[in-house]
Amino acid sequence: TDKDGHNFSIFWVLVSVILGAIAMLCKEQGITILGLNAVFDALVINKLNVLELIRKLLHKDKSLENVGLLRKGLLFRITLLMSGGASILYIRWRIMGTGPPAFTEVDNPASFADSPFVRAINYNYYYSLNAWLLLCPWWLCFDWSMGCVPLIKSVSDWRIIALAALWFCLIGLICQALCSEDSHKRRILTLGLGFLIIPFLPASNLFFRVGFVIAERVIYLPSIGYCILFTYGFSLLSKQAKKKKILAVAVLGILLINVMRCALRSSQWRSEEQLFRSALSVCPLNAKVHYNVGKNLADKGNQSAAIKYYREAVRLNPKYVHAMNNLGNILKERNELQEAEELLSLAVQIQPDFAAAWMNLGIVQNSLKRFEEAEQSYWTAIKHRKKYPDCYYNLGRLYADLNRHIDALNAWRNATVLKPEHSLAWNNMIILLDNTGNLAQAEAVGREALELIPNDHSLMFSLANVLGKSQKYKESEALFLKAIKANPNAASYHGNLAVLYHRWGNLDLAKKHYEVSLKLDPMAPGTKENYNLLRRKLEQLQKKGG
């Protein structure tokens, strides 16, 4: 080619490499686009004769230009693509810390099998399942790990048939792609197979262990090759078929079914509940599916149903610590403390650095009045997760129960340092300081908290109580009213504002807010007694006035 044409070609190759790098930053599979570009360049643009090239390479024939390898700078462009790809991989390798991610056996059981035969058989079975999903995308699941696909451990397993079917089809297509006398057919089949196989290679477990059994996302790019092969197969059939209309109707039917399946699957992805429940019929042996259904139900407040799915998740995977932790949490809230403690103890035994489980175990032990063990559990959680504000908050509650007020205040202060918007920790500090008579310090903490969380009505309420006791009635009244505006149905807010008016001598407003408080909560402790005192005082005033 001329000089200008060659420069233009180099420019677009470099653009391709840059776009491939950007694609890889989104998802690792994106780098395979460089391989697809090389295949497209060779087969479509340069019309490379693959069979002839293989023959010449086998016979060590140096006249490669005749088969198109050097024509129009093809070899140079492929070298450029490969160099760019290698550079991107190196950079990615350095970013990852010069090592692959760590995966567990539940993520990819076949890769942890001791026998190379078992590994090879199961990898090939995974390939056949991926091929089936391309042909018939009916079994779709958001997660295929945790026992979803049981391992093939002997040749007597009937699933071996799937492997044989896959390789029978692949070998047949490869033979046609290489040996067919029709050069156009060879080119189309080679292009289709290249587009089918190359993007799938990163997920094949051939070069490194991957963290999944099947991931539907990895067959998006290979579907290009599948579409090329399907379309070419249809064109061959249409040339030979006598009743072309029947064939056209069949293809349109397949297309319509796939469009409907796509629409159904898209609707399932619109909500977590539908997505997780759709997986139950596809992967009933997958503990993670049951865990996610349970978590979704728990988030919606349906604890009874959530327990059922969490129990099933633990049954399917007895080492599933996250399911144990969540189940233990629900049982703790339902006051089934004994079983909750057993589950959480087992979870931390299986995974000793599971900070959340240690904290929840501490909460259960605290509820069981085993304070020393609870304190030890909280500190173990903090050891494994240094920045754990919720754990410091719970540790503070434990110290408050033990009347270790300074330790409690320090723990809550640590919680607010780590998480300045931790409203509960701020509130507990204010209330503890208030209850222990440290009104000036309580006021300072309350003001600091409201600066950080200005719209928190519970903080307004706590600070208003402190200000009322300090006889700063006007400021206290403003905060009470602001808190009531944010949460008008809190009986205690109206009741304490009524107490403030009562002290202040504003008896009519005190009467009004006592009545609102009693209307919202007739059993509010102390409110009825204070209201009766006020009424008697008003009656006495009326008599004196009379």
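For all residues, glycine too, the Cβ spot is worked out from N, Cα and C.
Using a Cβ-Cβ cut-off under 8 Å and counting only residues 6 or more beyond its ends in the same chain, the transmembrane segment (6-26) has close neighbours at 33-34, 37, 72-73, 77, 80-81, 84-85, 88, 92. The feature transmembrane segment is assigned by TrEMBL to 6-26 (among others).
Within the same chain, residues 13, 16-17, 19-20, 23, 64, 67-69, 71-72, 74, 77-78, 81-82, 84-85, 177-179, 183, 186-187, 190-191, 194-195, 198-199, 201, 221, 224 sit at least 6 positions outside the transmembrane segment (33-54) and bring their C-beta atoms closer than 8 Å to a C-beta of that stretch. Annotation source TrEMBL lists transmembrane segment at 33-54 (among others).
Residues or ranges marked as transmembrane segment in TrEMBL: 74-91 (among others).
According to TrEMBL, the feature domain 'DUF1736' maps to 99-171. Restricting the average to the domain 'DUF1736' (99-171) gives a pLDDT of 87.
As annotated by TrEMBL, transmembrane segment applies to 158-179 (among others). Taking Cβ pairs closer than 8 Å, the transmembrane segment (158-179) reaches residues 50-51, 54, 121, 124-125, 127-129, 131-132, 152, 185-186, 189-190, 192-193, 229 in its own chain, all 6 or more past its ends.
Per TrEMBL, transmembrane segment is recorded for 191-212 (among others).
Long-range neighbours of the transmembrane segment (218-237) within the same chain, counting only residues 6 or more positions beyond its ends whose Cβ lies under 8 Å from a Cβ of the stretch, are 29, 32-33, 36, 130, 133-135, 173, 188-189, 191-197, 199-200, 202-203, 247, 251. Among the features that TrEMBL reports, transmembrane segment is placed at 218-237 (among others).
Only residues 6 or more beyond the boundaries of the transmembrane segment (246-264), in the same chain, are considered here, and those with a CB under 8 A from a CB of the stretch are 137-138, 234, 237-238. Sequence annotations record features per position, and here TrEMBL assigns transmembrane segment to 246-264 (among others).
Under the heading repeat 'TPR', TrEMBL lists 287-320 (among others). Counted with DSSP, the repeat 'TPR' (287-320) comes out as 27 helix, 0 strand, 7 coil.
Long-range neighbours of the repeat 'TPR' (321-354) within the same chain, counting only residues 6 or more positions beyond its ends whose Cβ lies under 8 Å from a Cβ of the stretch, are 287, 290-291, 294-295, 298, 303, 306-307, 310-311, 313-314, 360-361, 363-365, 367-368, 380, 384. Among the features that TrEMBL reports, repeat 'TPR' is placed at 321-354 (among others).
Positions annotated as repeat 'TPR' by TrEMBL: 389-422 (among others). When the repeat 'TPR' (389-422) is classified with DSSP, helix, strand and coil residues number 27 helix, 0 strand, 7 coil.
What TrEMBL lists as repeat 'TPR' is 491-524 (among others). For the repeat 'TPR' (491-524), the residues of the chain that approach it from at least six positions outside its boundaries are 457, 461, 464-465, 468, 473, 476-477, 480-481, 483-484, 530-531, 534-535, 537-538, 541, judged by C-beta separation under 8 angstroms.
Tertiary neighbourhood of the transmembrane segment (74-91): same-chain residues 9-10, 13-14, 16-17, 20-21, 24, 31, 34-35, 37-38, 41-42, 45-46, 48, 68, selected by CB-CB distance under 8 Å and a gap of 6+ residues from either end. If one looks beyond the repeat 'TPR' (389-422) by at least 6 residues along the same chain, the residues whose Cβ comes under 8 Å of a Cβ in the stretch are 355, 359, 362-363, 366, 371, 374-375, 378-379, 381-382, 428-429, 432-433, 436, 449, 452-453. According to DSSP, the secondary structure content of the repeat 'TPR' (491-524) in residues is 28 helix, 0 strand, 6 coil.
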